[in-house]
Amino acid sequence: MAGVEEADKLKQLGNAAFSERKWHLAIDMYTKAIELTKTPTLFCNRALAELRAELPGAALADADAALGIEPTFAKAYYHKASAYLSLGKHKQALTNYKKVVDLAPQNSDAQAKVEFCKKEIRRINFENAIMTPDEAPLSQTIKLGSVRADYDGPRIENETVTVEFVEAMKEHFRLEKLIDRHDVIFILLEVQKILKKCPNFVSINVPVGEEITVCGDTHGQYYDLLNIFKLNGNPLETNRYLFNGDFVDRGSYSFENIMTLFAYKVLYPDHFFLSRGNHEGVSMNRMYGFEGEVTQKYNSEMFRLFTEVFNSLPIGHIINNEVFVVHGGLYSSDKVTLDDLQHPNRFRDIPESGLICESLWSDPQPMPGRAPSKRGVSCLSFGPDVTETFLNNNNLKLLVRSHEVKDEGYEIEHGGKCITVFSAPNYCDQMGNKGAFIRFTGGDMKPRFTTFTHVPHPGKRPMHYATGFGLF
């Protein structure tokens, strides 16, 4: 009986942490309660916290655990469906939302989710049906068109992206104004030409005494991107930047965010670098806002062109043959070499397994070895011994990755060999975290950290353009 009472106290602490949006603390409290007594409610509470913490794989496992105790527990099916939906797996989500409706016919939210999933499945099937394998890439057939007669914003002159244009474009975006379709397409086609020439993993040379800044996820938080440049200086040939993926989704200024980054890549192709993140892919863009945003601001054809450009992004970078920078992390095999990473075909949507998937989706863990990913994808989390082995085998000194919110904007793990950097402060307008970036100087290559807080942005809330939300 004492165990049950203690579990209830821990559950209440978990509920309190959840109400304060402290998802990981809530997970810890529910876990301690589950160690004392296993109930479907506790497993479902933890599943919901895991969904909020973007750990749908863990949420699926907890929903199944709840159903193992009580096979008709409707809330478990609901969380299971929500986890599948967050992964873009609409058919599996539909199956589980139907279970909820069967068990709770009056649940109007589940009924709405059933209809949403059916609609998305029809839409995706239609889009797949009209695409043919032999169809020429859109980048080869799209027309620039003429500039609108009533357009009075900044223009690309003489087919050249200049500093003056980029600065004017940034200010235009800051005022919530869009640039003409002609110039969007021009930038996308130009940046694609540059990216397609890159290997999967790009080597960056920073001369002795010069610097490079590494930023993590920015997730459509355009006004925070402007603040990074205010704090750290605009990109220049003498002020290098590397943005480590997840430029879009969630934040509702993803178009402005990615266009600014792409314009700088065109302006400084050898001094400004971009890595692909797990959100530079179709399934995430459909769920988390970028498709809806681009379609509303321009049209569906423009989104297709963005998708093609995303498929050209490099997977990672190596700075001065010392620092390995990739969005997610390391691999399911200790034998992976830098040469191995250059071989997979990256010019496609993000695969569900293999080296590219692992590069973009994996996470570090404190314990040695490997464990299944809590994100619900076919990759593993990796321990300090895995990091040590990879770095030693490839004559590297440090892993820098992103992909996870950190309260201080960064976290040093694995005995100083693994650093996570996240550059979207107050993520989704609710997490209260700081953002951070890292500066490295050629020569000593020791990381120096800058943290910063969020700045105000106009009225569009995160997920404004997303479909299927609130999911949970």
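For all residues, glycine too, the Cβ spot is worked out from N, Cα and C.
The Mn(2+) 2 site in Swiss-Prot is built from ASP246, ASN278, HIS327 plus one of HIS172, HIS182, HIS403, namely HIS403. Note: the repeat 'TPR 1' (7-40) comprises 28 helix, 0 strand, 6 coil (DSSP; helix = H, G, I, strand = E, B). Long-range contacts of the repeat 'TPR 3' (74-107) within its own chain (CB-CB distance under 8 A, at least 6 residues past either end) are made by residues 40-41, 43-44, 47-48, 51, 54, 56-57, 59-60, 62-64, 66-67, 113-114, 117-118, 120-121, 124, 283-284, 286-287, 376-377, 468, 471-472. Residues near HIS279 (active site, proton donor/acceptor) in space but far in sequence (CB under 8 A, at least 6 apart, same chain), listed by position: HIS219, GLY245, ASP246, PHE247, VAL248, ASP249, ASN285, TYR288, PHE290. Other Cβ atoms within 10 Å of the Cβ of HIS403 (Mn(2+) 2 binding site), summed over all protein chains shown, number 26. Note on the repeat 'TPR 2' (41-73): mean pLDDT across this stretch is 97. For the binding-site residues given as HIS219, HIS327, the lowest number of other CB atoms within 10 Å of the residue's CB is seen at HIS327. Counting every protein chain shown, the Cβ of ASP246 (Mn(2+) 1 binding site) has 29 other Cβ atoms within 10 Å.
Here the Cβ of ASP217 (Mn(2+) 1 binding site) has 29 other Cβ atoms within 10 Å, regardless of which shown protein chain they belong to.
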